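**Student:** Straight from Swiss-Prot, here's the annotation block:
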ACT_SITE  CYS386  active site, nucleophile
ACT_SITE  HIS518  active site
ACT_SITE  GLU520  active site
BINDING   SER18, LYS192, THR193, LYS194, PRO195, THR196, GLN197, LYS228  UTP binding site
BINDING   SER19, LEU20, GLY21, LYS22, GLY23, LEU24, ASP76  ATP binding site
BINDING   ASP76, GLU145  Mg(2+) binding site
BINDING   GLY359, LEU387, GLY388, LEU389, GLN390, GLU410, ARG471  L-glutamine binding site
COMPBIAS  584-594  compositional bias 'Low complexity'
DOMAIN    296-545  domain 'Glutamine amidotransferase type-1'
Amino acid sequence: MGQAHITKHIFVTGGVASSLGKGLTASSLGRLLKARGLRVTMQKLDPYLNVDPGTMNPFQHGEVFVTDDGAETDLDIGHYERFLDVSLDGSANVTTGQVYSAVIARERRGGYLGQTVQVVPHITDEIKDRIRRLADDSVDVVITEVGGTVGDIESLPYLEAIRQVRHEVGRDNALTVHVSLVPYLAPSGELKTKPTQHSVAALRSIGLQPDAVVCRSDRPLPDSLKKKIAMMCDVDDEAVVGAPDASSIYDIPRVLHREGLDAYVVRRLGLSFRDVDWTEWDTLLRRVHHPANTATIAIVGKYVDLPDAYLSVTEALRAGAFATDTRVDLRWVTSDECSSPDATATLLDGIDGVIVPGGFGVRGIEGKLTALRHARENGIPTLGICLGLQCMVIEAARSLAGLEAANSTEFVPETPHPVISTMADQHEVVAGTRDMGGTMRLGLYSCVLAPGTLAQREYGAAEVAERHRHRYEVNNDYRHRLAAAGLVFSGTSPDGRLVEVVELPADVHPYYVGTQAHPEFRSRPTRAHPLFRGLVAAAVAHADRRRGMLPVDLPSEDAPTPENGVPENGAAQTRGVTAGRSGGSIRRGASASRPSVSSNGTAALVSP
């Protein structure tokens, strides 16, 4: 009889400070183990009391990452999916709100048979059950990241649950990796290990002895400091891993492998493995560091002061850049600042592409509409995502279809032309008579693409599936009028009732596409999403024309309207114009107050 399969557990904790990059460390380790032939899944334990991040302010939490099954999760789940090239489900993100809700609901049903319900054992048992639920025969390793920092009150039940899991599965089947900060003090010119020593001491006081320590720093750690940390924290010398800032987040697996973390883990857990297969990742790194092309793309959004609010968008854009061998310089543009056509022209000067991402609420909407009009009229490749599609429809209704008061019922409930309206099953939510959290149109839905359209060409398929997160949709009462004005409805739900993709014809604009979905959630660094790849390719072509001052065919300002002679397919007369001059690569809007972010992530997510 064969030996029973035993799933191994790796727990990743953090100390000294938040935002050290536990998620990227865990993701990179997962990538290394998968490259060694192991089957890996990942999970994030979040100590906040929200059931999920769906109703959180983007400025507080960053983006909400949506899984195939419609779960609204932490942005680290996006890192897990991108680095491992897998699709996770809602079980990958556990929150204190979920845990307490489940325990209290069970108590109300009489599930505890009159017991006094307590943090230990009932809350910790629920946490353990959610950890162990992932450990089935299809998985060799479960990597579980604990959110927050050791010493936080709200993290204590999770750390106690991990201690118990280690005891129950056996020391040979569980391993704890502690990510800690080793700061550099400029006045003394020294890296200091004392914060890490105290952090490990705090972890040990809870009953958890780390097996490995990943030391985050802004420079490499000398071997003498590694030995000191090993001695003072009671871990093996080879288990102290230096993790200095990297030039790209995609360098982190190489850094951790060079430090020997993955080799130590597989040996410590007794895992069968092969050597790391770097074929795919090395190809990626070559494109990260040695691209052949360049282009500048603006993200016109409401939450640009916190780039994490658009994390998957920027990573999908970088993946599109890698796929086209391009370095993309990002320019962050606050939609509020696009207050007039002249201001917008200044902010978007020298731009080769525009992304209008998702969001909620009326603030900044008029600025997005102005930016979209500028991009449409000047032939700048543009991708609208979720709210971006809705803004494209509103702008087309106003500028092309002559519906000057067109709007969304989200912004102006009594608008005379609601070209964007509340979905039928969302009216009670909008009215406040039904819960807001977890009630949007969430998860994976199919989309049928019209033959011969740009969207169908980019996808290379007649039907695709994308993840969604929205309450509003294109109003079908206006579809015929908008189509007559030149807007192409190139993708719909299989029943044809819900608009999924809009675009302008290729003879009117080189790349002007909007999707109601969130395609960024299905992009991978080694497998770019078609819409982002297409946007970058179009932006590179635009950049080449702009730098060469070559003629660009654009719709004529006095082209006929649908009422006076434009063919039904929306084709318009074009005129030759000269593209604007090149702008600098370090821009935030019109100023240099924020560095641009290259497609390799150099100026943003540079630490594991």
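Even glycines carry a Cβ here, placed using N, Cα and C.
Since this is a predicted model, take the numbers as computed values, not measurements.
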**Student:** Restricting the comparison to the recorded positions GLY23, CYS386, GLN390, which residue's C-alpha is spatially nearest the C-alpha of LYS228 (UTP binding site)?
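**Tutor:** Going through GLY23, CYS386, GLN390 one by one, the Cα closest to that of LYS228 (UTP binding site) is GLY23.
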**Student:** In terms of Cα spacing, which of the recorded positions LYS22, THR193, CYS386, GLU410 are within 10 angstroms of GLU145 (Mg(2+) binding site)?
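**Tutor:** Hits: LYS22.
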**Student:** Between SER19 (ATP binding site) and ARG471 (L-glutamine binding site), how far is it from one CA atom to the other, in Å?
**Tutor:** 32
**Student:** Should GLU145 (Mg(2+) binding site) be counted as helix, strand, or coil on the basis of DSSP?
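**Tutor:** Once the DSSP labels are grouped into three classes, GLU145 (Mg(2+) binding site) ends up as strand.
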**Student:** Can you grab the distance from GLU410 (L-glutamine binding site) over to LYS22 (ATP binding site)? Cα atoms, rounded to a whole Å.
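**Tutor:** Per the Cα atoms, GLU410 (L-glutamine binding site) and LYS22 (ATP binding site) stand 37 Å apart.
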**Student:** For GLY21, GLY23, PRO195, GLY359, GLY388, listed as binding-site residues, tell me which one has the smallest number of other Cβ atoms within 10 Å.
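**Tutor:** Sparsest of the binding-site residues GLY21, GLY23, PRO195, GLY359, GLY388 by Cβ contacts within 10 Å: PRO195.
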**Student:** Where the distance is taken from Cα to Cα, which of the binding-site residues LEU20, LEU24, ASP76, THR193, GLN197 turns out closest to LEU387 (L-glutamine binding site)?
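**Tutor:** Closest candidate to LEU387 (L-glutamine binding site), judged by Cα separation, is ASP76.
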**Student:** Please list, in sequence order, every residue of the chain apart from GLY359, LEU387, GLY388, LEU389, GLN390, GLU410, ARG471 whose Cβ lies within 8 Å of the Cβ centroid of the L-glutamine site.
**Tutor:** GLY358, PHE360, CYS386, CYS391, SER408, ILE420, HIS470, TYR472
**Student:** Using a 10 Å radius around each Cβ and counting other Cβ atoms from all shown chains, which of the recorded positions LYS192, LYS194, LYS228, ARG471, HIS518 yields the largest count?
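**Tutor:** Selected residue: HIS518.
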